[in-house]
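J.: Sharing the record's features from TrEMBL:
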type	residues	note
BINDING	Cys287, Cys367, Cys384, Cys424	[4Fe-4S] cluster binding site
COMPBIAS	466-493	compositional bias 'Low complexity'
COMPBIAS	496-508	compositional bias 'Acidic residues'
DOMAIN	278-448	domain 'DNA primase large subunit C-terminal'
REGION	461-508	region 'Disordered'
Amino acid sequence: EFSSGRGRLKQARLAGDRRDLYPHSLQFYLEPPTENISLVEFESFAIDRLKLLKVVENLGVSYVRNSDSYKTKLEFELRKLKFPYKALAEDDYEARRKDHISHFILRLAYCQSEDLRRWFLQQEMDLLRYRFNEVTDNLRQKFLEHVNLSFEAVSEDLKNELANELYTSTPGLSMTKVKEQMFYKVGLADAVDLFRARRVFIKDGFAYVPFKEIDVIVLSNYRTKLSKALALTARSLPSIQSDERLQPLLNHLSHSYIGPDYSVQKNTGKISLEQIDTLSVKSFPLCMRQLHKALRDNHHLRHGGRMQYGLFLKGIGLTLEQALEFWKKEFIRGKVDADKFDKGYAYSIRHSYGKEGRRTDYTPYSCMKIIMSNPPSQGDYHGCPFRHSDPELLKQKLQSYKIPPSGITQILELVKGMHYQLACQKYFELTHDVDNLGFSLNHPNQYFTESQRLLSGGRELKKELSNSGNSQQKSNSQESMNSNSTPTSSNTTADAELEGLEAYFTED
């Protein structure tokens, strides 16, 4: 149940009244929450967890899981967002409560399609893996008992008797480690992943699992339970969708972008129409570069493309007057005459700027909105190329933009794993010659802004790096970047036109 008031009900705050609900900082989320919370808290909890899962996804691709860098960065996010982590393992009721409630809210939002369920399941499993490996041995054992995964420990006598078999059947363990490591007898049904991978010794229907591999058993069990729970939740959606308070929130969360909406741009009017061709090569994300090229080639875009690209251009600073001029000039080069444009297309442009109809000032589309809604059909150019393009066509496009083969392979691997935003982030890194962005790309306009900041602020640095001859790889990468940044119709004049704009983006 959810209260629309801002104050939480007092009984939910009484010391000790609910602490028995969360005996451990780890959970399998088997029982849904039953308390009343405000709609404000409902949304706040959900957004914080979504931020956390986005970080989990990003770190999982950028770093080796369980490496020091991975663990340090993830612990920092858990602390910042006030979710349970190892330092709070004994007394973190508020964090455990938030963890419990926020999981079930996102479960409602992310059960609505197969893609959403798959993404949610993967991030939740990665989060549990990290948490499970970070708690103490004692707390880990208590948790296993709590979720009915307590296994019989192999006695020292039996372990010594089977030492040779355990050593030869357990990859990564020396004989010394075998003797030091605690082993458990686990039923084959629970150890099926380890059994298939030939990572455990099997005898009399039991797998002899070293303590370091117990997380595989836990995660396999968790995956089964959460997959089933998501399917059951999806069946219950009709009753949820009838609640006019919750459905808009849940839809927003499943398409959610957490960050600036780029509705008000300080650089409005700072970009000239003559700069757009050059900018499309230097600083547009692949989705907008694709739309711009299609518009220039065909002198037309269908409604989905006009909305996606038009709002992006609005976000980077085009005024209403510039937008009308830009679209009209291009359309009348095709099959649309000036009168037809004024009657059929100008209204929708004014509408998107909040000058017609209900005067809604529309905001540019985020990556999640582009990925999750209105997929392109034949003849359309909108959408996310990493999500909606055939992999072979995407490969050809990247080759035409002179992305190096190793970079294309990395991008296609991320696409295969359905990490579409991370694929776009890798595209940014490859076209801007940077190794680690230090931020997550979640919005096409964010891509543009960060590109302009980097191009303006990094020029002298890149020159110094090149002169000092730090590495052959660096100069090769710079050469790649230069070949990608060559405008279609350009010379030094076009670059000079960008000087003022690029300097502008260094502010703040």
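Backbone N, Cα and C define each Cβ position, glycine as well.
Whatever TrEMBL says is automated annotation, not expert-curated.
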J.: Give me the mean pLDDT over the domain 'DNA primase large subunit C-terminal' (278-448), rounded to a whole number.
T.: 92
J.: Give me the count of other Cβ atoms within 10 A of the Cβ belonging to Cys424 ([4Fe-4S] cluster binding site).
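T.: Its Cβ shell of radius 10 Å holds 26 other Cβ atoms.
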J.: In sequence order, what residues of the same chain, 6+ apart, have a Cβ less than 8 Å from the Cβ of Cys384 ([4Fe-4S] cluster binding site)?
T.: Cys287, Cys367, Ile370, Ile371, Tyr420, Cys424
J.: Let me check the 10 A CB neighbour count of Cys367 ([4Fe-4S] cluster binding site). How many other CB atoms are there?
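T.: So the number of other Cβ atoms within 10 Å of Cys367 ([4Fe-4S] cluster binding site) is 25.
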J.: Applying the rule Cβ within 8 Å of the centroid of the Cβ atoms of Cys287, Cys367, Cys384, Cys424, what extra residues of the same chain belong around the [4Fe-4S] cluster site?
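T.: Residues close to the [4Fe-4S] cluster site, other than Cys287, Cys367, Cys384, Cys424: Pro285, Leu286, Ile370, Ile371, Pro385, Phe386, Arg387, Tyr420, Gln421, Pro444.
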J.: Using all protein chains in view, find how many other C-beta atoms are within 10 Å of the C-beta of Cys287 ([4Fe-4S] cluster binding site).
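T.: Cys287 ([4Fe-4S] cluster binding site): 27 neighbouring Cβ atoms within 10 Å.
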